[in-house]
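For reference, the structure I am asking about is given below.
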Amino acid sequence: MLNQTSVAEFLLLGLTDIQILQPFLFVIFLAIYFLIVAGNGAILMIVISDPKLHSPMYFFLGNLSCLDICYSTVTLPKMLENFLSTHKAISFLGCISQLHFFHFLGSTEAMLLAVMAFDRFVAICKPLHYPLIMNHQLCTQMAITIWTIGFSHALLHSIMTSRLNFCGSNHIHHFFCDVKPLLELACGNTELNQWLLNTVTGTIAMGPFFLTLISYFYIIIYLFVKTRCCSMLHKALSTCASHFMVVILLYAPVVFTYIRPASGSSMDQDWIMAIMYSVVTPVLNPLIYTLRNKDVKGALSRVIRRRL
């Protein structure tokens, strides 16, 4: 149940208050949003339509593309609207909803990257058992599990934040509703909310990150012991390179934003980091996976030839 609060709406102050820059930023972020939807939509379409891509690796890639489209849709449309509006308001319920879906999709993507790393570990280190281990049922169960955990994690934050009392300023120094900016506006004790943000969100972020690193560590050790050949090691690891680039792009700004102490927090740094993981990463993911993946490039070219 939402807390009875004197604040009915919040004002998103956005990236800048310089009016002359607003139309320019609108065009830039509109183009980025189009690229995110088009690029990830294309990957999702070819993964579904091409039978050659009906494998665990591309099943999870399709999930990642779906997440990126939804993730950017949580923040970018409202940002674009505010660029053209003088009244940059969002309702209390709308703010809590945006916070919920942002953390839901973000935490789900973090866990999905760990699952994708596990898939590469099994494919490289257990190639003969790969079809048996990574069967359709297990892949579906893992996908459902991480989506469910992500939703539950976000629900915890949205409920706890909605129960706070906001009796002062309603100006959010950000371009979307997030937990940290809202805690700055809350009246009363927010220690529990801050603990949840640091501990639960930190675990959701760092747990999958360490699992990803462990997967790559075992892959490198296995290949080094098995092949003792640098060329074979390089060839095998090149299949993981695109995934590792996505991991770095997502985790670096997330760790900087949510794991560092609140005393070292800066609103300008926070929204710059937020743009990195909510805008830059979704737009780069399709380029990384298509430019470095022969199967995806081949499937995309086949789709284009059929259309012509």
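Cβ from N, Cα, C; glycine included.
According to TrEMBL, the protein carries these features:
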TRANSMEM  20-46  transmembrane segment
DOMAIN    39-289  domain 'G-protein coupled receptors family 1 profile'
TRANSMEM  100-118  transmembrane segment
TRANSMEM  138-156  transmembrane segment
TRANSMEM  204-225  transmembrane segment
TRANSMEM  237-259  transmembrane segment
TRANSMEM  271-291  transmembrane segment
To the transmembrane segment (204-225), which of 20-46, 100-118, 138-156, 271-291 is linked by the most Cβ pairs under 8 Å?
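Highest pair count goes to 100-118.
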Can you say which of 20-46, 100-118, 271-291 has the most Cβ pairs under 8 Å with the transmembrane segment (138-156)?
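Looking at each of 20-46, 100-118, 271-291 in turn, the most contacts to the transmembrane segment (138-156) are made by 100-118.
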Give, as a single whole number between 0 and 100, the mean pLDDT over the domain 'G-protein coupled receptors family 1 profile' (39-289).
85
